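As recorded in Swiss-Prot, the features of this protein are as follows:
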- 143, 146, 156, 159: Zn(2+) binding site (BINDING)
- 352: ATP binding site (BINDING)
- 608-718: domain 'tRNA-binding' (DOMAIN)
- 573-599: region 'Disordered' (REGION)
- 12-22: motif ''HIGH' region' (MOTIF)
- 349-353: motif ''KMSKS' region' (MOTIF)
């Protein structure tokens, strides 16, 4: 039975441009939606602009326009950028809408009825000139720890200290420059620390959905444990505090019912925007039963799903506040959170001074193909919270090698012969061609990888098939057959078979490269490709259209021009830009310190290095180790055999905090093959797999090393 899924992406804030860092998560979501639709599932894909809050209000004031005018303009800009990159929402709405107001008020009213709303008096800074309470980020002063000037009200960019705004020395308003005064105001709180909420969240964050899939990736679930604690010990170690859901006027947002001058905090109504956009879509369409996807009882009866694609910076809101709000207001909770990491460029934080803080608009306006980036981001996505590094040289190499050199090359080498020699009509397919059989055989592997959002694994398998298809062409040499008398029939079969292989590859690449797939469908004169139930070659006598160039190579000069277009002047920064430049200097300092720490190792000789036997290993089995907090048991194929059978190695790897075992099976990694076996209480570990982590423990990530496309089990790393 087809699945019925509501899919959302995180709502971008209506106070800035879409940049490449944003696009990581949106492209991941769009690929998954396209794959599900190719499988025949019903998917509603919605998003919206997150429009409320002090920053929007102040930016509109600075521009001399209303907040409504600002968010209207930004809405058009955001939708244009998403469309250019093939992110095809069914509806792109706004949180400043009648639907969102209705949902926000309903959720609040039901939480209040459940006795989960409190009011308390709090003391906070107030700007006497602007006559407004100041959020932490709109208060500046000297750090109470290190004395650094021009620091925000919640943390110091120079020393990293966290503190309350009232601890700042010589504070001033970042809005007016005035010295703020302390005033008391009544605020509204969602009682997240209530035992009912804590018990629910412990179960929800650690559990599985109706399909048996984890609601949270293993890394996300482990992070939630830090906040929710262990219910078997005392008070459980719960560190959740009640959540302030109100802000004082002036504020751009929705006023709280029965509380004049008090507004819903932006993070209360922002995720509710998912429901609002969906209801707005239903009103446009007229054939969607909204409550089947949003009401707790009806959603369970209808068997619908709700999947959120978000960045790890907003995990706290989506894994704690959002499901608790929904649960106690009578709405359905998310089926799954798909959390992506941050984007770095060439191994470092995006930087305006280096030109790597790249907006979507500048990328498109410089003439770069958005599908180059879609493909590259997909190759780096593995369904975990790992950060994605955009290595610009690697992107050039991957696109040119994989898409142009392998994939498009199949059609460009064979289509001309069909047009010139056979009037555009295909012949019979070669029944002995193994590439077609391999393509059919790989369907399950690729489908599973797409389902798990392990797009990198899917694309590695697809490129393996592309290698087989190219090998078929190379073995039969159609360019030589065309010169030989009496080889017309053979030439016809070879070129027709190659184009069937090309069709198969296009089908698999379609979720990632929808625009290119559409061109191929037109070239081959076929119906839109859907996930196959059975595999059939393109029929004999089928007429294809003349071949037109499908994709150009990436030139390094295009990348250099893009960086230059995004590089800010290195002249002294204007006062308004001091904050950003200070942050960048601090980030670059941290990066330099980390690099220094990680490279300060004694030299070894080449003879020492050659003693280490590094092999490519395929993970054929992975499972948790009972009684071990950090270990996963891996079974590895490094090309060894015994009595004609593959001999597998067992390795215990301390990567449990970063990986779900199910996502590791089939993946290639690097293993130290000649490490002496080590006897542990769980068994014997017969080697070591390689992973990266921060040398100074400031970053908690663990990143398993994976070789590039083309590597195979047993190959030596030299």
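Cβ coordinates come from backbone N, Cα and C, glycine included.
Bear in mind that the values here come from a model prediction, so they are computed numbers and not experimental data.
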Original post:
In the same chain, outside 143, 146, 156, 159, whose C-beta lies within 8 angstroms of the Cβ mean position for the Zn(2+) site?
Top reply: 144, 145, 147, 148, 151, 157, 158, 160, 161
**OP:** With a Cβ cut-off under 8 Å, give me the same-chain residues at least six positions beyond the ends of the motif ''HIGH' region' (12-22) that come close to it.
**Re:** 49-51, 53, 55-56, 59, 70-71, 74-75, 77-78, 81-82, 94, 342-343, 345, 350, 357-361, 363, 373, 390
**OP:** For residue 156 (Zn(2+) binding site), list the number of other Cβ atoms lying within 10 Å of its Cβ atom.
**Re:** 20
**OP:** Would you count the other C-beta atoms found within 10 angstroms of the C-beta of residue 159 (Zn(2+) binding site) for me?
**Re:** 13
Subject >> For the motif ''HIGH' region' (12-22), residues assigned helix / strand / coil by DSSP >> reply: 3 helix, 2 strand, 6 coil
Original post:
Looking only at the domain 'tRNA-binding' (608-718), what is the mean pLDDT?
Top reply: 82
